[in-house]
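Database features (TrEMBL):
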- 20-114: repeat 'Solcar' (REPEAT)
- 124-216: repeat 'Solcar' (REPEAT)
- 225-316: repeat 'Solcar' (REPEAT)
Amino acid sequence: MSPAEEEKSLPLPERWPRASKFALSACAAAVAELVTFPLDLTKTRLQVQGEAAVHRHGAAAGQAVPYRGMLRTAAGIAQEEGLRKLWQGATPAVYRHIVYSGVRMVAYEHLRDSVLGRSEDKSFPFWKAVVGGMSAGAIGQFFASPTDLVKVQMQMEGKRKLEGKPLRFRGVHHAFMKILSEGGIRGLWAGWVPNVQRAALVNMGDLTTYDSVKHFLLLNTPLVDNSVTHSIASCCSGLVAAVLGTPADVVKTRIMNQPRDKQGRGLLYKSSTDCLIQTIQGEGFMSLYKGFIPTWMRMAPWSLVFWLTYEQIRRICGVSSF
């Protein structure tokens, strides 16, 4: 058998390992995103409540939004806008995770196995896991930033309708085209800096924690590489990711949701640092953790669903465990 014929006879994951892992992680991420999306919408709404900069610029005059907790916000969306609105913005969110999760997972494994390298005992040192997780998250989020921008802005459409403001978008395609026409290519990457910063922190919590906890359990406890080990590691990763990522997520959401001039420049915040300073000065440090509970309550099941699905899909498709 010639080398070309031998290569064709190999299973698809062995012929195109990176493309296969990209597709598998994208499928797992899409499932996790659809299951937990209502919590993401609730989190986004909570993060813009009481936004001090909006009130200073008079953008919300006479339209004060009452403060609500997580459950009241979710119930309010369902009652005032309809149950289906809890999934408003889900389409760009799925697009975003196809790009984001696909890129970050492939990038992390490449960094772990080929660039940074494992130790002689096949363990991955914690500092390398931190570097790999943050780098992979930043790379993945940069490519996915336009879809994240559309997702955030579409999530706020129901709130605009209740406030009597005209809707900005008719759908995902219209949102992309409108943002592109108003702000150019740069407009599609509005808020990419805090977005990438958040993704780096979240992945330091998610990828780094999951990989480190999983292999610690396998090396130091009687647990084997099964769903129990995956569940424990994913629960730890969801909590750490929420703690590290929520402040950057608040900043990212506010920058992405702010009104912009014809040049695509924000009218409320000059940069992510300016947004951070204004938020702390106007609302206090703990405002950076607005939406923490739904963030955590979303990240925990998201992480659980994603990692269990991803590990099982890899096993079914003949790809080695993560």
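Each Cβ is built from the backbone N, Cα and C atoms, and glycine gets one as well.
Break the repeat 'Solcar' (225-316) down by DSSP state and the numbers are 73 helix, 2 strand, 17 coil. DSSP assignment over the repeat 'Solcar' (124-216) gives 78 helix, 0 strand, 15 coil. Predicted-model confidence for the repeat 'Solcar' (124-216) is 83, expressed as mean pLDDT.
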